[in-house]
Structure formats: C-alpha cells, structure tokens
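Peer 1: The structure is given below, and queries will be raised subsequently.
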Amino acid sequence: MSDRLTKCPSCFLGVRWITDCISALQVDSYDVNVEEDLGEIQLIKIEKRKYWYQDDWYLKYITVKTPLGDYLEFPCYRWITDEKEIVLRDGRAKLPRDDKTQILKQHRRKELEDRQKMYRWKEWHPGFPLSIDAHSHSELPRDIQFDNEKGIDFILNYSKAMENLYINRFMHMFQSSWSDFADFEKIFVRISNTISEYVMQHWKEDFMFGYQFLNGCNPVLIRRCTEIPKKFPVTTAMVECSLERNLTLEEEVKQGNIFIVDYELLDGVDANKTDPCTIQYLAAPICLLYKNLENKILPIAIQLGQKPGPENPIFLPSDAMYDWLLAKIWVRSSDFHIHQTVTHLLRTHLVSEVFSIAMFRQLPAVHPLFKLLVPHMRFTIAINTKAREQLICECGLFDKANATGGGGHVQMVQKAMKDLTYSSLCFPEEIKAKGMDSQEDIPYYYYRDDGIKVWEAIKSFAEDVIHIYYESDEVVSEDVELQAFVKDIYVYGMRGVKASGFPKMIKTREKLAEYLTVVIFTTSAQHAAVNFGQYDWCSWIPNAPPTMRCPPPTEKGTVTIEQIVESLPDRGRSCWHLGAVWALSQFQDNELFLGMYPDEHFVEKPVKEAMAKFRKNLDEIVSTITERNKNKKLPYYYLSPDRIPNSVAV
C-alpha cells in the first residue's frame with residue numbers, strides 16, 4: 001500500500017502468477033513490473049490462495065525498485081500458509097515514536113494483537129517459568145516450527161544415536177549389570193585424541209575430578225569457600241595430609257585456597273520409581289576442594305548427605321581406594337542431575353523460551369530489538385515443545401535412564417527457581433559473586449576467561465545497536481513496546497517474584513545494553529557452554545552416572561569393586577544415556593553460529609557496520625582460544641564463537 005492507496009483494500013500486482021509458478025521445495029526469485037505510479041510505498045500485502053493440497057510458501061524478502069532507481073527492502077522471513085495474508089513494512093527499523101501516520105500505527109498494533117493470540121503463555125508445572133500454550137510441535141505457529149520435524153524427533157534421534165554408536169544390542173538390557181569398569185568399554189566409542197577418551201583413561205584421578213568443576217560441562221557450581229559449613233564438620237586433622245602450605249584448614253580458607261560445591265538442592269528430591277524392577281537412589285553431597293601449590297583444584301573431603309552423623313561419614317583421599325572412588329562417583333552422579341535439570345534445562349532452555357515468547361508477543365517485526373533478537377530465538381520454542389512432548393513429560397525418554405526421572409526433575413526445577421535471579425544470568429557478576437573472578441588466583445578456569453570475552457563482545461554489539469536507535473535514556477524509557485517486553489519476562493517468566501531481581505522496566509541505555517546481553521548470551525554462549533560438551537564428559541558412564549542402583553555408603557571400609565559396579569547404571573540405562581548425550585552434543589544441520597545473520601532483518605548501513613565489528617571481535621576471540629588450546633590434552637573450546645550456535649535449538 002502506498003500513501004495514494006490507503007483508502008483501497010488492496011492492490012494486486014501479479015501475485016497469482018507468482019504462486020502458480022512455484023513448485024514444492026523450489027527456491028526462486030521473481031520480478032513483477034508495475035506501470036502505475038504508486039507513490040511512496042508504506043506497506044506491501046502478500047496473499048496466497050489455498051489449493052487442494054498444502055502449499056505453504058516461505059517468503060524471504062521483497063525488493064522494490066522505485067522509478068528514481070532507489071531500492072526498498074521489505075524483509076519477511078516468514079511462512080505464508082492457507083489463505084492468510086502478510087502485510088510487510090520496509091526494512092528500516094522503527095521505534096513506536098517514529099510512526100507518524102495512522103496506517104503505520106494501526107499495522108504495528110494489529111501485528112502485536114495477532115501475535116498475542118498466537119503466542120499464549122501457559123503453565124506446564126506449578127512454579128515453572130511459563131511456556132508456550134501448545135501441546136505438540138504441530139500446534140505451534142508455522143513460523144517457529146522446525147523445517148523438518150523428523151530432525152528433532154527425540155525418540156528417533158536417540159535410537160539412531162545408539163545404532164550409530166553400535167550399542168543398540170544393549171538398549172533393552174535393563175537390570176543387567178556390567179562385570180567391571182572395563183566392561184563399560186563395550187559401549188564406549190573411542191574417537192582418537194578426543195576429550196572423552198582422555199576422561200575414560202583418567203576419570204579416577206583427583207585432578208580430573210577437580211578439573212571438571214572448572215571446565216567440564218557443568219562449570220557453574222564451584223565457589224570459593226569463606227567458611228566451613230556447620231553441616232559439613234571437616235577438621236584440619238582430617239585433611240592435613242592434603243594441605244601443602246603448612247597451614248590449618250581455617251587458614252587455608254582465609255587465604256582463599258578452599259572451594260566448595262554443595263548439592264543441597266537434591267536433598268528430599270524423589271528418586272525415579274517408574275521401573276519397579278530397579279530401585280534408584282539420589283544423594284545430596286557436599287564436596288570440599290583445595291587449590292594446591294600447582295594451582296590444581298583437588299577434592300579433599302566429601303560428605304554424601306546434608307546432615308552430619310555416624311551414618312554420614314566424611315570421605316577423604318586417605319581412605320581406602322574404593323571408599324574414596326565411590327564417594328567421588330556419587331558426586332559426579334549428583335553433578336549430572338543438577339547439570340541436566342537446572343544448569344541446562346532451566347537456566348538455558350526454559351529461560352530462553354521466556355525471552356522468545358515475550359519477544360513475539362511484545363516486539364513487532366519493525367522494532368530494532370526484534371530484529372536484533374530474533375536470530376537468537378530460532379527454533380527455541382520448537383525444541384522445548386518437542387521436549388515436553390517426548391523427553392521430559394510423564395513416561396518420557398528422560399525416565400528411562402535418569403534417577404531424577406519420574407517427577408524428580410520437576411521438583412528440582414521448582415526448588416531451583418528461588419536461585420534463578422537476574423544477577424545470576426549476568427555472567428561477570430555471577431562469576432564474581434562465587435569468588436571465582438581472579439585469573440591470578442585461579443589461572444585455569446577457561447570457562448570464565450572465554451565467557452567474559454564473549455560477554456564483552458556481545459555487550460559491545462548491543463551498545464552499538466542501541467546507540468543507533470536510542471539517542472538518550474529518555475527514548476529508552478518512552479519505548480512502550482520495550483517496556484512491555486521487559487514486563488512480560490518479569491511477570492510470566494519469573495512469575496512476578498520480586499526477589500528474582502528481574503527489572504520490571506528499563507530506564508537507561510546502559511541497563512538496556514546489559515539486559516540485551518543477558519538475553520543473547522543466555523540463548524547462545526551459556527547454552528553452548530553447558531550443552532555441547534555432554535558427550536565429551538558424560539559418555540564414560542562411571543564419570544557421569546545418570547542413576548545409582550545402590551544407596552550411598554553409610555560407613556567406611558566396606559566398599560568393594562563389585563559394589564561400585566552394582567551401583568552404576570545397568571546395560572540398558574547406560575545405552576539410553578549414551579545415546580542421549582551423543583544426540584544432544586550434535587550441532588543442527590546448517591547451524592548458524594554467533595555473529596552469523598544470513599536473514600537480513602536490518603537494512604541500515606550503521607547496523608551492518610556494527611555487525612561487521614561484532615564478527616571481527618568474535619574472530620579475534622576464536623584466534624585467542626585456538627592458540628591457547630594448541631597441544632593441550634584437554635582443550636577448552638565450548639565458548640569459542642565458531643562453536644556457539646546463535647540460539648537454543650538442540
């Protein structure tokens with residue numbers, strides 16, 4: 001529609017000819033010539049007539065060449081389905097205050113009204129962040145569905161993974177125990193020079209145990225210990241053989257050499273009871289770690305329950321070999337549960353879905369923040385919906401191998417919501433709050449080092465885009481669509497909990513830059529850091545048992561190798577676990593990595609220059625990480641930007 005046609009219902013320009021010429025799966029471009037002088041074009045309406053068969057049409061963009069030779073870009077990047085119509089604005093990003101004509105204001109308002117009917121909030125479980133109102137992937141709006149639903153079918157993918165790993169012959173062997181540790185190699189695929197093989201060879205060592213708290217697939221729990229908890233009564237006498245500085249335990253604490261990981265959240269969580277033939281167990285251990293003179297982080301004490309007492313002994317490196325090994329295995333199993341359900345599911349998948357739904361509901365396609373954020377929301381709602389349909393639902397795949405299946409994972413998310421705060425999603429702030437920010441004190445914390453570099457690159461990019469469209473803090477405060485987006489996240493995502501620290505509104509450009517960095521970092525880098533290392537660190541079953549089939553030991557000196565093997569997952573559960581961590585660690589076909597924006601939602605030159613600067617910064621980070629990783633037996637690459645997908649899509 002142009003300014004001369006605002007009173008007309010529509011203007012057809014050969015559209016029927018276009019759709020008639022497009023065949024299934026064909027990609028093409030078409031020219032449409034118009035003889036009339038249309039004046040200044042404000043909107044373009046695209047209609048598709050419905051045929052006897054489904055013939056959805058994906059439209060990337062429309063380019064209009066004016067009589068003066070100028071080009072106007074009208075980005076779409078959406079599906080046109082049934083007899084629906086799409087009305088497009090040109091690609092220049094506009095804030096609400098920039099729209100002066102009634103037709104543009106009305107178009108903006110109607111787009112959001114239509115989206116809010118399509119993207120509805122729904123409570124999946126009490127206390128959870130709200131999610132999309134859809135029972136299955138097929139119920140989602142076409143624009144956010146996967147192109148190929150088979151590609152994200154969890155049952156199909158896990159089964160295919162087990163077939164590719166040559167372990168499908170074991171997948172139904174539940175209740176069948178392995179003979180010994182070496183027996184696990186029957187399902188372990190050795191790929192030369194990989195982290196997974198190194199883990200298999202060194203998993204029993206205290207160094208490998210401690211290293212994973214820094215650079216494994218759950219490097220978010222360790223914190224500097226400022227005081228030994230009363231519930232964990234470790235004394236100097238217990239651990240003095242592990243201390244290397246001739247100091248007492250209390251003095252080591254004061255010098256900042258003691259670290260702690262507490263799995264208190266697992267206390268009271270119900271273990272999986274879906275298989276009456278296999279009793280499964282959970283523990284809520286506490287682990288004390290020590291930074292030795294070589295700056296290595298090593299475990300020095302483990303208590304497998306939260307309440308101290310005679311039946312809850314504190315295990316030490318000086319104990320019998322199998323006592324200490326089993327205590328470490330219990331910690332690794334507990335770490336796996338927290339990783340999967342809290343670090344991974346809640347703090348990346350569910351939070352990213354909140355960001356996605358709020359964006360679609362409150363930011364129209366013409367808004368600069370929609371254009372900035374939409375690449376980072378690609379397929380997130382779809383993958384989460386599929387997970388609720390097949391993976392984490394009642395009797396879903398998660399129940400097959402995990403001790404927190406059968407409802408325990410739901411309890412964990414509900415309990416973990418109290419710790420889901422805005423500040424905990426601000427990467428540098430969270431690292432500092434845990435006392436883990438000093439590179440001099442803790443030199444081998446690559447998750448921290450790389451994460452801060454990526455955070456700063458994203459923040460710089462966000463600042464550049466913000467300064468293009470928001471010339472002052474006042475403009476930020478007056479952006480009603482931005483404020484509605486922020487409010488939606490607070491009210492529905494964080495359930496209006498004031499203690500979450502999520503802002504209800506944003507008043508400054510500085511705060512907006514931080515907020516957008518939280519959104520983009522969470523949906524890209526944070527998810528990559530905790531997702532794509534799962535096969536590396538969890539494929540050797542004894543290093544990350546998804547379930548334990550015997551209760552935690554209550555006394556020292558009784559553990560045998562047979563008892564350990566009997567405690568570990570049986571053959572069937574081991575195979576389902578291995579298939580899961582393999583499938584979850586794979587990138588999508590045609591993955592788009594951080595800084596890759598093939599869909600040109602922005603058309604303005606200043607934004608494209610900001611994107612080029614962003615990519616340059618990311619390339620420099622890639623080079624730095626590549627250089628550091630040279631010749632390392634345990635390279636850390638999960639936060640290398642060329643391995644960080646733009647969005648949560650697996």
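A Cβ is built for glycine as well, from the same backbone N, Cα and C atoms used for every other residue.
Note that the coordinates shown come from a computational prediction; the quantities given were computed from them, not determined experimentally.
From TrEMBL, for reference:
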- 1-94: domain 'PLAT' (DOMAIN)
- D55, D56: Ca(2+) binding site (BINDING)
- W79: site 'Essential for stabilizing binding to COTL1' (SITE)
- 94-650: domain 'Lipoxygenase' (DOMAIN)
- H344, H349, H527: Fe cation binding site (BINDING)
Peer 1: Whole-number Å distance between the CA of H344 (Fe cation binding site) and the CA of D55 (Ca(2+) binding site)?
Peer 2: 37
Peer 1: For the binding-site residues D55, D56, which Cβ has the most other Cβ atoms within 10 Å, all shown protein chains included?
Peer 2: D55
Peer 1: Among H344, H349, H527, the binding-site residues in question, whose Cβ has the most other Cβ atoms within 10 Å in this structure?
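Peer 2: Result of the Cβ crowding comparison: H527.
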Peer 1: Using Cα-Cα distances with a 10 Å cut-off, which of the recorded positions W79, H349, H527 are near D56 (Ca(2+) binding site)?
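Peer 2: Hits: W79.
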Peer 1: Give me the sequence-ordered set of same-chain residues, not including H344, H349, H527, with a C-beta within 8 angstroms of the centroid of the Fe cation site's C-beta atoms.
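Peer 2: Apart from the listed residues, the neighbours are T343, L345, R347, T348, S352, Q526, V530, N531, V648.
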Peer 1: Spatially, and counting Cα to Cα, which of the binding-site residues is closest to W79 (site 'Essential for stabilizing binding to COTL1')? Options: D55, H349, H527.
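Peer 2: Closest candidate to W79 (site 'Essential for stabilizing binding to COTL1'), judged by Cα separation, is D55.
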Peer 1: What whole-number Å value do you get for the CA-CA distance of H527 (Fe cation binding site) and D55 (Ca(2+) binding site)?
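Peer 2: Counting only the Cα atoms, the answer is 35 Å.
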Peer 1: Around the C-beta of W79 (site 'Essential for stabilizing binding to COTL1'), how many further C-beta atoms are within 10 angstroms, looking at every protein chain?
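Peer 2: Excluding its own Cβ, W79 (site 'Essential for stabilizing binding to COTL1') sees 17 Cβ atoms within 10 Å.
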Peer 1: Measuring Cα to Cα, how many Å separate D55 (Ca(2+) binding site) from H349 (Fe cation binding site)?
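Peer 2: About 32 Å separate the Cα atoms of these two residues.
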Peer 1: Taking only the residues in the domain 'Lipoxygenase' (94-650), give me the average pLDDT of this model.
Peer 2: 93
